[in-house]
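S.K.: First, the structure itself, so that you have it in front of you.
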Amino acid sequence: MLPTAVLLVLAVSVAARDNATCDGPCGLRFRQKLESGMRVVGGMSAEPGAWPWMVSLQIFMYHNNRRYHTCGGILLNSHWVLTAAHCFKNKKKVTDWRLIFGANEVVWGSNKPVKPPLQERFVEEIIIHEKYVSGLEINDIALIKITPPVPCGPFIGPGCLPQFKAGPPRAPQTCWVTGWGYLKEKGPRTSPTLQEARVALIDLELCNSTRWYNGRIRSTNVCAGYPRGKIDTCQGDSGGPLMCRDRAENTFVVVGITSWGVGCARAKRPGVYTSTWPYLNWIASKIGSNALQMVQLGTPPRPSTPAPPVRPPSVQTPVRPPWYFQRPPGPSQQPGSRPRPPAPPPAPPPPPPPPPPPPPPPPPPPQQVSAKPPQALSFAKRLQQLIEALKGTAFSSGRSYYETETTDLQELPAS
């Protein structure tokens with residue numbers, strides 16, 4: 001019983017840690033009520049926590065310290081929000097913006113701090129796609145860096161992005177849009193409550209036909225709505241998500257970012273979205289490939305990161321024995337093992353001994369040969385001196401052996 005309780009505590013702590021750092025599963029709804037939204041324009045109010053990755057981008061006015069909702073965004077992790085580039089046409093300074101997380105209702109022109117579980121954050125950096133074309137809304141995508149990082153919780157969680165192998169979203173498919181935008185085309189202001197609605201993906205060729213958008217749709221766009229209109233995103237929904245359910249994972253994947261449209265909910269004028277799939281590499285180049293893989297469904301892409309980490313162990317296999325590093329002699333042995341090429345330095349000492357012996361042998365023989373005659377002569381002379389001493393004609397006793405060897409050499413033949 002005790003081990004089970006311990007395991008439950010550990011599981012809860014791990015889940016809480018992942019939730020706090022936004023490293024947990026992406027695309028999970030905390031409050032699911034999919035049958036509610038049958039009709040943004042034509043939508044219905046969402047339940048609190050239904051879309052935890054929804055972010056409210058609000059312009060901050062310094063003259064009255066009030067915030068005004070302007071665009072939506074998608075939370076990717078504690079540091080990054082994905083949105084549309086055209087949201088920053090008029091306000092490009094980071095100090096002009098505030099980010100509200102976990103909200104279901106937003107107050108237009110509020111000057112009060114948000115209350116938990118909502119979180120308010122500043123903008124550290126705005127990254128607009130380098131090839132964004134205003135007016136034509138080409139490459140209408142941007143990233144916002146959050147400061148300080150926002151923790152995830154019951155009403156705040158990361159959204160999912162498609163896998164690289166997924167390809168662009170294809171019709172027919174029913175997906176979802178959300179936002180605090182206008183409830184009708186010429187509404188007075190944005191909706192105070194988050195709206196949700198079902199929309200159908202529309203084939204790009206049909207959407208680009210002469211009676212629809214007549215060539216204005218690009219391959220990096222997604223069209224969603226209905227031929228008859230009536231349900232659509234509108235002003236104030238820009239930057240928000242177009243989400244399709246992944247039935248295998250039972251999660252939602254953000255396949256598009258609300259970009260533009262002609263009017264709101266008009267017939268044959270569906271909402272136009274920036275497809276997220278063509279920009280996965282761009283997103284990875286800004287937030288990092290590991291951060292991107294954390295918000296991509298499925299295991300195939302994630303093992304691609306463990307695979308490189310496996311290579312480092314393989315690189316370390318030559319020094320795999322741990323004691324090489326843990327013991328002091330170990331490190332010295334390994335550096336010494338590389339100096340095995342310096343083992344020739346010990347070899348050079350052996351070569352010196354052989355050369356010295358050869359030179360000494362040749363010199364000594366000639367020296368010994370030349371020295372023998374003087375030694376023979378000295379011995380003969382000594383013998384002669386001994387004989388002469390016996391005869392009574394001895395040398396003075398004060399001379400050394402060296403002096404005797406160097407004097408009277410001519411007397412040698414007399415012996």
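Count begins at 1; order follows the chain as displayed.
Glycine residues also receive a Cβ, built from the backbone N, Cα and C atoms like all the rest.
Just so it is clear, the model here is predicted, and its values are computed rather than measured.
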S.K.: Which cysteine out of Cys87, Cys152, Cys160, Cys175 is the one Swiss-Prot pairs with Cys244 in a disulfide?
M.R.: Cys175
S.K.: Which range, 101-121, 395-415, does Swiss-Prot list as region 'Disordered'?
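M.R.: The range carrying the region 'Disordered' annotation in Swiss-Prot is 395-415.
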S.K.: From the candidates Cys160, Cys207, Cys264, select the one that Swiss-Prot records as forming a disulfide bond with Cys234.
M.R.: Cys264
S.K.: Taking only C-alpha atoms and a 10 A limit, tell me which of Asp140, Cys223, Ser238 are near Cys87 (disulfide bond). These are the recorded positions.
M.R.: Asp140, Ser238
S.K.: When DSSP is mapped onto helix/strand/coil, what comes out for Cys71 (disulfide bond)?
M.R.: strand
S.K.: Taking Cα atoms as reference points, rank the recorded positions Asp140, Cys207, Asn208 by distance from Cys71 (disulfide bond) and give the first.
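M.R.: Checking each of Asp140, Cys207, Asn208 against Cys71 (disulfide bond), the shortest Cα distance is to Asp140.
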S.K.: What is the separation, in Å, between the Cα atoms of Asn208 (N-linked glycosylation site) and Asp140 (active site, charge relay system)?
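M.R.: Pair distance, Cα basis, whole Å: 18 Å.
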S.K.: What does the structure give for the C-alpha distance between Cys264 (disulfide bond) and Ser238 (active site, charge relay system)? Integer Å is fine.
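M.R.: Given the Cα positions, Cys264 (disulfide bond) is 12 Å from Ser238 (active site, charge relay system).
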S.K.: Cys175 (disulfide bond) to Cys223 (disulfide bond): how many Å between their Cα atoms?
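M.R.: Cα of Cys175 (disulfide bond) to Cα of Cys223 (disulfide bond) measures 11 Å after rounding.
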S.K.: For His86 (active site, charge relay system), which DSSP three-state class applies?
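M.R.: In the DSSP reduction, His86 (active site, charge relay system) maps to helix.
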